[in-house]
Every structure is written in structure tokens, then in C-alpha cells.
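J.: Quick one: structure below, then a few questions.
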């Protein structure tokens, strides 16, 4: 915007920063000496510089981009006021409030702690604010108490950075006990930072510095706080609020303690309301139509148990399951999906036949659970997956092997050697049988190739391929025809914690210690998309059933939903108090269930971007979540050696998702999640790390027996 640019250029000229002025002019295409009259007032004050200019939304971004790349005169950096001016200009541009900048380098980040007050008064400032908040009205107290933790951390870091070590220690000792219990782990990290040098390499604190801590507060509570700080002339705290916090103000009733507690707890506070406004196409894609020969006798004439199959009554409904287009579905060609092969169509037909015999689950009809226990794994089992048709199970192990078992009487066989294949009649009907080498038949195949523990495994929907990811930083694609490694995908530089195939095959996602998730296609060496935004490891990844979105859970205690088409983050969900370890989409694509080390399962409405439920019962990390095939039941498996079944229909009915709730985040969670708990099933001493519903709704669970 011209007015803001003029203000900035005038400031540069007054500060004798000609070189920077030129660069800015060139970038903004303001040539000649056309500075115009003094349009914007630039007021210098002790707290920095503010540019008073009316900038329409979205115009300030260009300034921010330049600010990151401007050298000062003679290569020295520009004064802090200049960046501040740009940031304020940008703040006005994006609609008031305080701005989030991109992550700059370490020294630049930490130097923000330079402007300090009197170190001896820090405790007084903090206890003054604490007294004020504790004496305020109940309705404001809960909201304003959110300030305690971010202010405590920033004031402590400011003291440490400016080398007031004894004051920092006494400040920490005095106030760390007041913080909420779910910040204990962060405070442990904080307490180890006692010298300026410690701050340089500490990732957690760098994140805390670079990403503004987001607090959602009602306008009334905010005005109260502002008035108090201005009356008390408490500049130190006000500076921190301006510099390091993002206060997301909403109009309406303040939220209650329960409502706030449900939503806070992540590394960077809550998500801004803006973050969850984008439209998400959560509907399912239309199934391709083809004829389903439902009433013929099955070719084998026998089913698994060995009894002859009965003729089924004619059912039209299965073939014509989703003829109508879901209004919330993405356009069919929004992202390119692989063509259906004949074998895929056959599989779909099989799937529909199985679906016709599916057990309808509900509170009165709970699934049977079949538990696969890995014995003698010596704490070495790190990942499990089961094929969609439940015919194979794979385990990833700490000794870097991947082991595939056949769960049915049909053994695993490799394809014959090239010499033998050339002798086969390619036109014969049973060519697919003939290419298999009977001599290689076995119940178990071991795949060697990784050089570190295998943390994630995933079968392709067509059961021809298997993915595995490891501590060695690679994702490997294995052929289940030859049981050999086809490709090693190198993109992550650190351990890869999870990987998963798209429900349509071809694409897959991986997430790791480098804090990003990557989207790959099996035939590309390089990732197609990189999803960056989490502040800590990406611990788990899941494709949405329509394959247009990917959910990632992270050790920063947030869940993000990413758009595969453009790589944008379209949802940020906060509320867990520990790293996220499991994700599951409901079969209709509308809801997401997430589990974490805090032992809670949270339920989210994707369309409205809201938390709609909290399931309490587990006492340890939840590593496995799965909805039954029709979405009536949610199963959760945990390190507490139990599988629990929850009534998903009841959890999602009568949701209050009116505009007010969506706008302010006033969520109303049912008091008691015990009403939704349908059953708890203990194992002897086996943590549950994977769950899977078969096509007929039998629940398969897996884990390794631990002898302690």
C-alpha cells in the first residue's frame, strides 16, 4: 500500500539508510523521488515505532517478505525499529493485533530479549499481575489465567538471556508451581536452561520464541487486562504481550474454565479462529459404477470355514451404494487419482459381497475381538499393519527387519525366476497362479534393508506393495510379489515416525523428526508436497477417506489437516496435553478421532473445525484408533493393555455446531464420557499398538507381549 511504503521510506531516509531505501523502492517499483507529501505519521516512542497507516488487508505481506531479506548499510543489519515498523505496518494490514513472522535465525530470534526492565522487579511485576487476575471476577479469571504460562516462560528467558542468572533461578523457583499440570514437561526443559549459551541450541525454546503463543480471550477480559497494565505502567509485561503473544479477541461471553481447559495445552497455545475457517471438502468421492454379480455361486464354492456357501437373496443396494454425489465431496478430478485396474474392480466386488454379510454393530451388538499377540518380540515390535482384506499382517521391528505373515491358510509365495516365467503360457486362465513359485511358499517372509528400527508400516490397498519407514531416515517400498525392496525414498534427514498409503494407492505420506510431513507418489523419487508448520516431530499421519486431505499429529500436541492439492494447512486442532500418537477418520469423512499420551481420545468435527467430544478412560498412551466399517463404533487401544469400545453414533448425534459456537469456540462437551463407553477388554500384559476392523466388522487387535 502506497501510504505505508511512503512512511517506511521516509523513516529510512531520516535514518540515513539510503541503500535499504533503494532496495525497497526497487521492490515496490517506486522510482524517482516521488515520496509525496507526508502521508503517514511515524511516531517514535520508548516501546518502539508505530506506523499509523490504514492499510487494506493483505497488502502488508510484501513488506514482510522484504524485511527478511534487507541488509543494512555496509552489510550491517537494520535497527530493530525498522523491522518493528514493517511488522506494525503488516499488523495493520492483516487486521490489527500482533503479527506472526516466519522463523528467523537463532541470534535474531533471541536478540528480541534485549530490551529488558529492572531484573529485580520481574518477580514484583509477575506477582502483581497474578494478584490482579486472581482478584478479578470469576468470569474473567479463567480467561486471563491463560497468560500465566507464556508470560512466565518469556520473563524467565528474558532474565536468562540478559545473564541475570540468580534472579532467573529465584523467579523460576517462586512461580513454576503455579503453572498448569500439563506444562510440566515443558517446564522441565525450561529449568535446564540457566545460561544464555543454553538457549542457542534449544529447539523447544526457539519455537516458543518464534511462534507467537495464541490466547483466545473475550473483548471484555482483554480490555480489563489492558486497562490494568496501563494504569500500573507495567511496561515489561505489556511489551511481552505485544511482542510474543497473539491475542485472538472475540465478542461474546467469556469462556468457562472447563471450556478453556479442553482446548489449551499445545506448545503454542490455541489455534487462531482464522486457522479453522477455510472450506474443507470432507465428503466421500463417488464410487465408480460397475455390475456386481451378486447372486451367482462363488467360484471357490467354499468359504473360509470350508462349508458350502448358501445362495444369497438378490440385493441391489450394494452395487448402487453411492449413486448420488455427496454435496460436501471434492470435485472428482480435484486431485489426479490412479485408474482402477481389473484386479481392483474384482476386489471391490469381493468387498461388496463381504459388506452384504457385515454385522451391524451397536450398543446391543458389540464386535468380537481377535487379538494377535507377538510372542518373544523382546520389546522389539515397533509397528503393525493389516491388509484391508485382513489376509496379511506386517510387523516392523527394532532390529530393523520387516516381517510379513499370512493370516489365512494361503501361504505367501514369490514370483518364479525370469527363466521359469518365460516357459509359462501367458494366455492361460490361471496365469496368475502359474507365475507363483510353490517352492517359496511360507507363512512368514522377512524383509531386510533398513538400518534402524522400523517405526511405521503400511500395505497398499491392492496388496501388491508395502511401505516401511525407519530411524535411518528412509521410507522403503517393498514388492509383495517378489518380497524385495523396490525403492528407498530419501527426503527426511532424521527418523521417520510414520507412513501411510492413500486409500486409492499410488500416493503415500510420511512424517518424522524433522517436523514436516511429506507427500510422495510411488513413481517419484522426490516428494510432491512438503507440509511444514508443526513445531515438533510429526508422530502420526493419516489420509482422509477421499484422499484430498492428510491429517498429521505431532509432539507439539496439535493435529493439523493439510490440503493435498495446494499444501495449505486448513485445520489446526488443539486440546491434547501430550504428543499425539493415533488418528482415525470416520468412514463418512466428517469426523476425526485423535489419541495421545494424555490417555484421552478427542473427537473433532472437520467441517466446522470444532472439538465435539472427549472420551476419558484410558490411563496411558493411546496408540491405536479405528472406526468400525459403518462408523457405529470407535475402538481405541492403549499402552494400558486394554481395548475400549465407544458408541460413536451417540457421540456424534445432536451436535451443537451453530454459528456462535463456531465463531467463538464455546464448546459444550458432555460431562460424562462413561455413557459412551460400551466395553473394556483387558489383555494379560500386552500393550495394544494396532486395531483393524475386517470387512465384516470383526475387530482385530495386535501387540507384543511384555513380560514385566
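Each residue, glycine too, has its Cβ placed from N, Cα and C.
TrEMBL annotations: computationally assigned, not manually curated.
Okay, so TrEMBL annotates it like this:
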COMPBIAS  292-303  compositional bias 'Acidic residues'
COMPBIAS  315-326  compositional bias 'Basic and acidic residues'
DOMAIN    117-245  domain 'TFIID subunit TAF5 NTD2'
REGION    292-343  region 'Disordered'
REPEAT    374-415  repeat 'WD'
REPEAT    447-482  repeat 'WD'
REPEAT    489-520  repeat 'WD'
REPEAT    531-572  repeat 'WD'
REPEAT    573-606  repeat 'WD'
REPEAT    615-647  repeat 'WD'
J.: Need a quick answer: max count of Cβ pairs under 8 Å to the repeat 'WD' (531-572), which of 374-415, 447-482, 489-520, 615-647 is it?
T.: 489-520
J.: What are the DSSP helix, strand and coil residue counts for the repeat 'WD' (489-520)?
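T.: For that range the per-state counts are 0 helix, 19 strand, 13 coil.
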J.: By Cβ distance under 8 Å, which residues at least 6 away from the ends of the repeat 'WD' (615-647) in the same chain are close to it?
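T.: Sequence-distant neighbours of the repeat 'WD' (615-647): 355, 358, 360-363, 366-367, 369, 371, 578, 581-588, 593-597, 599-603, 673-693, 695, 697, 699, 701, 703.
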J.: In the predicted model, what is the mean pLDDT computed over the repeat 'WD' (615-647)?
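T.: Across the repeat 'WD' (615-647), the average pLDDT comes out at 94.
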J.: By a Cβ-Cβ criterion of under 8 Å, what residues six or more beyond either terminus of the repeat 'WD' (374-415) are in contact with it?
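T.: Long-range Cβ neighbours of the repeat 'WD' (374-415): 304, 347, 350-351, 421, 435-438, 440-459, 461, 463, 466, 468, 470, 472, 478, 480-483, 689-690, 692, 694-695, 698, 700, 702-706.
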J.: Which residue counts does DSSP give the repeat 'WD' (615-647) for helix, strand and coil?
T.: 0 helix, 20 strand, 13 coil
J.: Taking a Cβ cut-off under 8 Å, which residues six or more beyond the ends of the repeat 'WD' (489-520) line up next to it in the same chain?
T.: 337-338, 452, 455-462, 465, 467-477, 526-532, 534-543, 545, 547, 550, 552, 554, 562, 564
J.: Could you give the residue numbers and ranges of same-chain residues that sit at least 6 residues beyond the repeat 'WD' (447-482) on either side and whose C-beta is under 8 angstroms from one of its C-beta atoms?
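T.: 341, 343-344, 347, 382-389, 391-392, 394-404, 412, 414-415, 488-501, 503-505, 508, 510, 512, 520, 522.
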J.: Within the repeat 'WD' (531-572), how many residues are helix, strand or coil going by DSSP?
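T.: For the repeat 'WD' (531-572), the helix, strand and coil counts are 0 helix, 24 strand, 18 coil.
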